[in-house]
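Engineer: Encoded as structure tokens, here's the structure I'll be asking about.
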Amino acid sequence: MKPENKIPVLTRLSDEMKAVVNFQQPGLPPWPADGDIETQRQYYLLERRFWNADAPSMTTRTCAVPTPYGDVTTRLYSPQPTSQATLYYLHGGGFILGNLDTHDRIMRLLARYTGCTVIGIDYSLSPQARYPQAIEETVAVCSYFSQHADEYSLNVEKIGFAGDSAGAMLALASALWLRDKHIRCGNVIAILLWYGLYGLQDSVSRRLFGGAWDGLTREDLDMYEKAYLRNEDDRESPWYCLFNNDLTRDVPPCFIASAEFDPLIDDSRLLHQTLQAHQQPCEYKMYPGTLHAFLHYSRMMTIADDALQDGARFFMARMKTPR
């Protein structure tokens, strides 16, 4: 689709979203478009420092968890001494960017709003690590904490997964992996998904939206996919194209959040419609006037904070519901 035919989303954003788009961090250099992947990772970390400031204080603990691929760093956020459940968080970044620091504020707010321990998983990034390594690392982390719950004062009878963007795919894929492989490391009571991609190769929203402002042009999406997958056959894997998995049974309750002007919004819509058609518990909410990745900007956007609180409420409600 010619770029000129796309919807001019920058004129339709909410005032809060426009303020973020137009905000210039003092002293921040331009995005290193021609830099190597490590340079871009360092820039992303630097750029996110402002957005992670002024986050709630709480007890945190770092733990290196053994996995088949080597140790994976995790960070435990404990808002109170005891927790009714444990929520595992997978950060976004197109599978190639991001770490526990780039999403620190999001995890702190989730811990605060749920009152539960949140465990951030610093899974290995692509292209150095390819599918399904990040999923298998996540499953290994869950199994480890299931076996060492007392040591970390965790309640792993009830667990959940959460993630944004690529992390949302990893969150849902990990939960389905546990189900499909019959791995028990707690009762998955909910999955919180913010503007994820779930396997569509094309869609109306991918044609209408996406540009330099969000890093989600067709070329960008192709690049992320090629970095993550081992080969083209992986595109049809049921833990990458999640619509090729069985979504008709035993899917944990899903909170599905989308951004109005996100090229990936049709992934969320289709996931919701599929689960709803097969009586799988789910809730869908679209946040008007927003772009992909808006969850990061809660320092300037009340709707970002609202989206986190909505997910937290969904999770807390499932803590009280027998399943």
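The chain as shown is numbered from 1 upward.
A Cβ is built for glycine as well, from the same backbone N, Cα and C atoms used for every other residue.
Copied straight from Swiss-Prot:
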ACT_SITE  Ser165  active site
ACT_SITE  Asp262  active site
ACT_SITE  His292  active site
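Could you tell me the structural context for the features on the list?
Structural biologist: On its own chain, Ser165 (active site) has Gly92, Gly93, Gly94, Trp194, Tyr195, Gly196, Leu197, Leu264, His292, Ala293 as residues at least 6 apart in sequence with a Cβ closer than 8 Å to its own Cβ.
There are 28 other CB atoms within 10 A of the CB of Asp262 (active site), with all protein chains counted.
In the three-state DSSP scheme, His292 (active site) is classed as coil.
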Engineer: 10 Å Cβ neighbour count around His292 (active site)?
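Structural biologist: Other Cβ atoms within 10 Å of His292 (active site): 24.
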